[in-house]
Amino acid sequence: MGSSPPLAIADLCDAYSHLLTNGELRPLPPVYQIYGRNKVFSGHIVTVKCFEDNILVHGFLAQEGHGRVLVVDGCGSMRKAVVGGNLAKRAQNNGWAGIVVYGCVRDVDDINLCDIGVRALNSYPVRPDKKGNGEKHIPVTIAGTRVCDGDWLYADSDGILVSSVELAGV
């Protein structure tokens, strides 16, 4: 017997409405574009905050992902992409479940060939700086929603949920 399919994000909102009420379950605003082959993904969150610089992102995605999701607070920048096709491929090859970028990506055709889930505000062709500026493993605020290192992220075509606790049945 196979395992049952994961619950859809809308079903999670219904099943865990009490966590929505108390703030332990937080939907991210519906501002993200969907990239990559995996439209549905979930995992333990690792956070990084970097403005128009992706050296810290490189460092994380070079590590084994163990099914985690990298949440990149790119400060909403629309001037430089912090994730491109090479990083998406590295993330796929190293076992990351997904990448969520509060900012831009580039090399969209390459990202869309990867077996990973990627969300970003949009695409933009300009590459990022390489100075190593930023912070890692810190709480970030993505479009008004708090996301902490160690939280759980669940994504499908309906949206993205962040949870303080791992949700059962997913």
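Placed from the backbone N, Cα and C atoms, the Cβ positions cover glycine too.
Automatic prediction, not curation, is the source of TrEMBL annotations.
Database features (TrEMBL):
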- GLY84, GLY85, ASN86, LEU87, ARG106: substrate binding site (BINDING)
- ASP107: Mg(2+) binding site (BINDING)
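Distribution of TrEMBL features across the structure.
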residue : record                 : Cβ neighbours (10 Å)
GLY84   : substrate binding site : 21
GLY85   : substrate binding site : 17
ASN86   : substrate binding site : 13
LEU87   : substrate binding site : 27
ARG106  : substrate binding site : 20
ASP107  : Mg(2+) binding site    : 20
Substrate site shell beyond GLY84, GLY85, ASN86, LEU87, ARG106, criterion: Cβ within 8 Å of Cβ centroid | ALA81, VAL83, ALA88, LYS89, VAL105, ASP107, ASP110, ILE111
CA pair GLY84 (substrate binding site) / ASP107 (Mg(2+) binding site), Å rounded to integer, equals 5
Compute all pairwise C-alpha distances among GLY84, GLY85, ASN86, LEU87, ARG106, the residues listed as binding substrate, and give the largest one in whole angstrom.
-> 10
